[in-house]
């Protein structure tokens, strides 16, 4: 009710325009922030830890062939994404799971869900292994700390990092909240690359070359195809290198900050398969705790990273990249058999099957030696530090020659 003789107060048009402008800007800012967070999360997931592990795959395949395989895998991955987009357009779907469900029914959907769960889950296990191995070496460099102290052992570090960092971060329901964390991880990755480049320049001339360093191809090339995304480059550096110790710390933090993104994927797969895509607050917490607990227990029992990466690559990455996208497109597309996309799909599918089968057999029957926790031979020289640039090339060559003679005698 208004007072007699008074007219209702109408806010000026300019105030309404300002209010609408502020609301519009707020919505636009929120959308921009979510897009930025998504970009940082994707960059962190792809580059955050994967780029550090490329030397391991190069070692497996041989450096020249490894470079060629890297470009080939990059092209195949890009082409697989194109096939997924075309398959989604043909089937009227908008997700990988719905595409496979529409193409191959529930059995195909279930198989894809298993692969989508195992790939990030095994990645979580490998991240725990890397965290324990890397940060234990960092803590051992603290003056006065006993290297045999259980509180700086890999098992305690894995449990501590899980309880204090990865579990709380993984409990977020909205992955966009990890955007700032992913940005930090990306910045640390840049620092790590700078450290690696610096050590290439300073240590490269002093490190003895192995006999097969430039061999074109090695028998483990097939295993290398599936391992082009993980590994621990810092195992090649000496523990008494302070700059590399800082790099190890950055790497450990990067892996810890990448871990929650993988947990999001595993939890999302479970939610889609068993709960219709949504989880209550209680089930969200319970499933997250169960996934992380199982991954932590497995990582405490396994200390060799190589076999974990090889099996994850050949059993999960190969079908997800090579086989499933090609099979979906070949079944949905009505293009002639001579069409370039169909020809490429017909090539990718059997290659993926071969990589999967042969890679698994080689990983099981011919596992790589696990050098977990071992120093490289050039780090064990008496009174010798690779970071001490005052040592002359002659002294280093003489000491390395003596060491090689003592090793092979």
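Heads up, the Cβ atoms here are built off N, Cα and C, so glycines get one too.
Model, not experiment: these values are computed from the prediction.
What TrEMBL lists as region 'Disordered' is 1-27. Taken from TrEMBL, the feature compositional bias 'Basic and acidic residues' applies to 15-25. Here TrEMBL flags 37-57, 63-85, 106-130, 150-169, 181-201, 243-261, 273-301, 307-330, 342-364 as transmembrane segment. Annotation source TrEMBL lists domain 'Amino acid transporter transmembrane' at 38-230, 234-363.
Per-stretch counts of Cβ pairs under 8 Å to the transmembrane segment (243-261) identify 181-201 as the leading one among 63-85, 106-130, 150-169, 181-201, 273-301. Segment contact holds for the transmembrane segment (307-330) and the transmembrane segment (106-130), given three or more CB pairs below 8 angstroms at sequence separation of 6 or more. For the domain 'Amino acid transporter transmembrane' (234-363), residue counts in helix, strand and coil come to 109 helix, 0 strand, 21 coil, using DSSP.
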